[in-house]
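A.B. asks: Before I ask anything, here is the structure I am working with.
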Amino acid sequence: MTPHPAQQTATTTTKRPSTALATISYANDNETDLMDNQRCDTDLAQTSASSPSADATLTDNLEEPSSNTFSLESFDYMKTVGTGTFGRVQLVRHTESNTFYALKTMSIKRVIESKQVEHVRNEKYILAKIKHPFIVVLQWATHTDRLICLLLEYCPGGELFQMMRKREKFDAKTAIFYASEVLLALDYLHHLDILYRDLKPENILLDCDGHVRLVDFGFAKETRERTFTLCGTVDYLAPEVVQNRGHHKASDWWALGILIYEMLAGYPPFYNQDQFVTYQKILSGKIDFPRYFDYAAKQLLRKLLNVDQQSRLGSARNGGDEIKREQWFVGVNWTDVIELKYKPPIRPVVANPGDTTNFDSYDETDLKMIPVATKYEIQLFKDF
């Protein structure tokens, strides 16, 4: 069977940039740092021994290193695993604990020149206040005279984006697994009045077991009101974002619908190489379903991809619960999802906790070459 033209393009193109804020493409930004590293160690050490139950927690009694032990000199800098307009993400190893982390560094001057100070401050503020098994953990934040630094958990499983490109599309069971974990993460954020605003496979990482982590909170915003910033990724923008009519939580649920469609089809529903045409298709709301989509999937997607945000599935006060009750999710035990009792359908190939083979390669650079900021510029990030 000849692939859909959008699928042919999607499987060969590079990662999709976000609109308005040139965020770092973070190919290695997952939560539960020490826990996941230790679980990888345990799994690899017991390849010839009997393993514990898949539901067992292997690290209940382990303690993470205190942030008091962190300084930029306390790490070995291993490899760049992501780059962007403002800086890069590096795999680092904490020498005292032998724990791997992802260090996201951004040039202070470039952030200011691009008028993204508020977005960067929001990212740190929001990550510092949230804790969820499917959202990346911020371990520590600091700044130098050149850089803003966020120390994040490192997960070696890679991006869901890369997994989708390798497999072209997922079967329903696999798509339901990932959608369920993402749904719970978004619902958690919404209960805290936080909009994520940049859901896409490139911003979903997998830990060494295959569970998801939402990363890159550069567009996230805490608000109870509508917001009007044009931000996100073109294929995932909701109609109200495109038209600048003000958007809220319903735009995240639209993006979930796009993600589900792309997982099942191998390409997003409104894709076109011409960005203007993509916008037109988004505003029309006309969805062409592949013949193999089942009834439950089509019904769910029609409701999530409703161009009227007031009528869109999930727009009500308890939107996440409304989506969970859809037929497509019948059979999902949501308590088991949050407790990580479902075995991931795809387990990433990971040789060791510091494995970087699931990420692209990047040219290395000397961070000392980044220009020094002025005292006034540094003061903008004094709480880092």
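Note that Cβ sites are derived from N, Cα and C of the backbone, with glycine treated the same way.
TrEMBL lists K104 with the feature ATP binding site. Among the features that TrEMBL reports, domain 'Protein kinase' is placed at 75-329. Among the features that TrEMBL reports, domain 'AGC-kinase C-terminal' is placed at 330-384. According to TrEMBL, the region 'Disordered' annotation covers 1-21, 44-65.
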A.B. asks: Give the mean pLDDT for the domain 'AGC-kinase C-terminal' (330-384) on the 0 to 100 scale.
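C.D. replies: Mean per-residue confidence for the domain 'AGC-kinase C-terminal' (330-384): 94 out of 100.
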A.B. asks: I'd like the number of other C-beta atoms within 10 A of the C-beta of K104 (ATP binding site), please.
C.D. replies: 28
A.B. asks: Run through the domain 'AGC-kinase C-terminal' (330-384) and tell me, per DSSP, how many residues are helix, strand and coil.
C.D. replies: 13 helix, 0 strand, 42 coil
